[in-house]
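See below for the structure under consideration.
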Amino acid sequence: MMTLVIGAGIAGLAAAQDLTAAGHKVRILEARNRVGGRIHTDRNFAEVPVELGAEFVHTSVVPTWEILKQAKIKTHYINQQSDLWIRLPDGTLRTVGEEVSFSGVPLGWPEAQGEESVAAYLKRLGLEVHRTPYKLQEYISDYGDPDNLSARAALEFMLDPTSEEGDYRPLPGYDRVVQVLAEGLDIELGAVVDTIAWGGPGVTVILADGRAYSADQVVITLPVGVLKAGRVRFVPELPQWKLSAIRRLGVATVLKLIYRFDGPILPKGINGLYVCGGLPDEWWSSSKGQRYGGEVMTAFAAGEKARQLLELGQERALAVGLATLREALGRPDLTPSAQTWSHWQDDPHTLGAYSMAVVGATDARAILARPVEHKLFWAGEGTASNAWAGTVHGALQSGKRVAAEVLSTRKQTLALSDLSQPAAQAL
């Protein structure tokens, strides 16, 4: 049985590994000239690996952690309580644990009323967007746009037990995880998919250069931004329930500003900084835990703040970010030896950072994950639960889930075939 996997990101690699282990013939078609998708480690910017995309493993109870353990990949831990500063509007610096209004998740968060936005939900509770418990503030910072974010999806994240522990950064680079998953797989790079024809007994995938591949089924891990833009044509058109799920999901606008300094910036024991009202507001060290005399600082912006900075252009955006960091730390002398930015908005193979559950789309991820006629199977962070969407572990889990679906379908097909053979022989 032949299975084609569209995309060599974490979801596609995980699916291919499980299917290959089960004896399936699998080929991955990847549009880029590299594997990893939105995991992209830069080894030229500094003496330490710098992540242009995904950067953290969120807790040690997610499936990504098992890969780190098996491959003996060392990590740096960020506990998000004692090692993150918050710069309050009056200029005071406190850790998350010290600033009570940002700390902890209250028990018994009220349910969202219907399809309610995060902003409307907080207003109903008498809370302001920027004066909320840290865990919810982190969720808002990851996506931006609290007026459009689904409160129901936010609560799923808030109350998910795996979100409590803190984060880990893979010290050798996140691409080490990619290398582990890609080992031994049949991957064709530079294979841009143009059309997926699924009207016949099997599926035919036609590339932009005219080449075609046939398979019994296809695993599609295309980012939601690419699906929304219609970059891949489906013949016949996808059913309306699938198209509706794609339309209803949003795509987050995210920007990283990255600065290399020749000396240390944050004191020992402090891994990051949240600047209330800053542009951007979320900062962390991307070099803590490394044997490195300098420091790489990464600023993260999402939603409206990311759009504001993108509109400025790279040079001005980096200047604005540096001004924010200088003021927050009281260090007007801070001067980077190198600086750059990273975003996914214009990447034709991504068209945005990660999926976003906007108001009215709380169930859209689960619908996107459903197979179409046992031929088209779906994976990727956009098909993960609302608590795990937008993460590497969500993508990884979706790849394993879709592999199990393909194997189950194959088992059912073989069982039906076995049942029909005696009847055929009797004829």
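Just so it is clear, glycine is given a Cβ too, placed from its N, Cα and C backbone atoms.
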Of V180, V193, V203, V205, residue recorded by TrEMBL at the FAD site of E30, A31: V193
Statement: Here the 10 Å Cβ neighbour count for F300 (substrate binding site) comes out at 20
- prompt: Relative to the mean position of the Cβ atoms of E30, A31, V193, the recorded FAD site, which additional same-chain residues have Cβ within 8 Å?
  reply: I6, G7, A8, L29, R32, G190, A191, V192, H349
- line: Among E30, A31, V193, the record's FAD-binding residues, the widest C-alpha separation in angstrom comes to 8
- prompt: From the Cα of F300 (substrate binding site) across to the Cα of E30 (FAD binding site), what is the distance in angstrom?
  reply: 28
- request: Pop the mean pLDDT for the domain 'Amine oxidase' (10-407) in here, whole number is fine.
  value: 92
